[in-house]
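Notes to accompany the following structure.
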Amino acid sequence: MSGPESTSSEQKSVVLYDIEDKPPLGKVIPLGIQHVLAMFLGNVAPPLILAGAVGSVTGETTFLVQMALIVAGVATIVQAYPVGPVGARLPVVMGTSFAFLGPLIGIGNQFGIAAVFGASLVAAPVEVIMGVSFDRFRQFFPPLVTGIVVMLIGLTLIPTGMNYAAGASAGPSAAGYGSFVNLGLAGLVLIVTVGLNQFFEGFLRVISVFVGIIVGYLAALALGVVDLSAVAAAGWVTVPVPLKYGLAFEPSAIVTVAFLYIITGMETIGDISGTVSATGRDATREEIRGGLVADGVMSVFGAVLNALPNTSFSQNVGLVNFTGVASRYVAGIGGVVLLALGLVPKVGAVVSAMPDAVLGGGALILFAMIFSSGARLITQNVELDHRNSTILAMSMALGLGVAFRPEILQNFPSEVQTLFGSALVTGGMAALVLNVVFPGGSVGTGPTEYTAGLEPEVTEAGAGAPPVDDD
């Protein structure tokens with residue numbers, strides 16, 4: 001296995017397979033499938049929900065889901081194996097972002113689905129610009145800010161994981177929520193996954209999530225709680241139809257989506273930092289730059305193929321940290337699997353028939369590991385002095401506060417409620433602003449100056465010198 005690159009921060013690698021390692025084919029396929037299982041429902045749920053909200057018929061809904069899988073597959077492959085400056089050269093798994101869902105439902109209901117794809121396409125270059133000009137603003141995203149965003153991602157996903165574990169992603173009002181069967185299936189997956197990860201070594205530990213979900217799926221089949229009717233109804237081949245629904249351009253929709261691209265750009269910086277930190281080093285500027293550019297370019301590609309904006313998937317960051325597999329080759333195989341699922345609906349239907357409770361058992365531990373990776377990003381790179389502790393506390397309080405009590409924004413316009421009702425938006429923006437306003441941080445000079453979690457470059461001044469802008 002290849003060793004991690006040199007780094008100035010004292011970090012410890014927790015991976016069994018590093019970024020450039022290539023596990024044997026017999027291992028890499030289940031490892032790639034494990035990535036797909038970790039993000040599958042998170043990728044297909046946004047188009048399902050959007051289609052239902054705007055009144056799409058069943059055939060259109062299926063088409064939107066398949067396009068989401070195809071675009072996620074291509075985008076994941078590009079992140080692992082870049083095309084020019086597009087891609088991070090990392091195991092960054094891409095998929096449809098939940099961050100856009102609420103605003104896009106409003107846009108779809110008000111202006112039609114063509115405006116959804118129009119805004120997604122026109123606003124996507126925001127992330128390309130973020131990536132290309134990253135050196136100009138990277139000081140605004142030190143490990144303190146990105147770590148807070150990653151922790152908020154993990155914490156705000158926990159309720160979703162609990163709903164899935166209870167057997168109904170729709171929430172407590174759904175039939176069968178919290179039934180003994182559902183809790184038993186989720187508990188079985190959780191016990192098998194954690195047991196293999198903590199009490200076994202080698203390959204069994206690496207594929208613990210995959211094995212846990214397979215065991216849960218088989219148990220669900222034995223209990224007769226798996227509905228396979230969609231498999232029989234699904235076709236064999238899906239043919240992409242670019243711009244099937246057309247494009248419409250509404251200024252207010254474009255501005256709203258552009259703001260969300262900035263937020264998901266912060267999420268991507270956090271995801272890349274969290275992924276690379278598992279290997280015992282910091283992310284390089286090229287990795288973050290390429291990852292952001294890929295986010296934007298692949299979202300343009302997605303809009304053309306009738307898919308919602310794509311971004312990095314945080315649950316797969318948790319998977320990398322939990323299993324110790326950071327190989328981009330594995331992520332690339334996962335991308336190929338996603339592409340195949342998108343082109344062959346019957347295969348995708350088998351996976352989508354997985355009961356919520358089975359997925360929930362695996363999701364809970366992954367979401368918790370996302371929080372853990374964010375915490376590690378901060379503790380290994382940031383001195384939690386009075387200044388930084390205050391930023392951490394206030395950002396987490398504001399972010400989680402609006403998540404727990406969204407009613408606090410009820411007197412504001414709906415657009416404000418949609419944006420700042422998100423813990424990522426409120427907490428992330430609070431961290432960003434406070435880091436700039438409070439003296440002695442990463443913007444300007446001070447003892448805690450740090451270049452966005454980036455690995456230092458070797459310059460003429462010698463190894464370990466701070467990065468020098470190449471603009």
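Keep in mind that glycine also has a Cβ here, set from the backbone N, Cα and C atoms.
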TrEMBL tags one of 87-105, 144-162 as transmembrane segment - which one?
144-162
Touch test for the transmembrane segment (63-83) and the transmembrane segment (329-351), at least 3 Cβ pairs under 8 Å:
yes
For the transmembrane segment (357-378), which partner among 174-196, 203-225, 245-263 gives the most CB pairs under 8 Å?
174-196
Remote residues contacting the transmembrane segment (203-225) - C-beta distance under 8 A, at least 6 residues beyond either end:
16-17, 27, 30-31, 33-34, 37-38, 181, 185-186, 188-190, 192-197, 319, 322-325, 354-355, 357-359, 361-362, 365-366
Residues of the parent chain within Cβ reach of the transmembrane segment (144-162), under 8 Å, 6 or more residues beyond its termini:
169, 266-267, 269-271, 273-274, 314-315, 317-318, 360, 363-364, 366-375, 377-378, 381-382, 388, 391-392, 395-396, 399-400, 403, 423-424, 427-428, 431-432, 435, 441-442, 450, 452-453
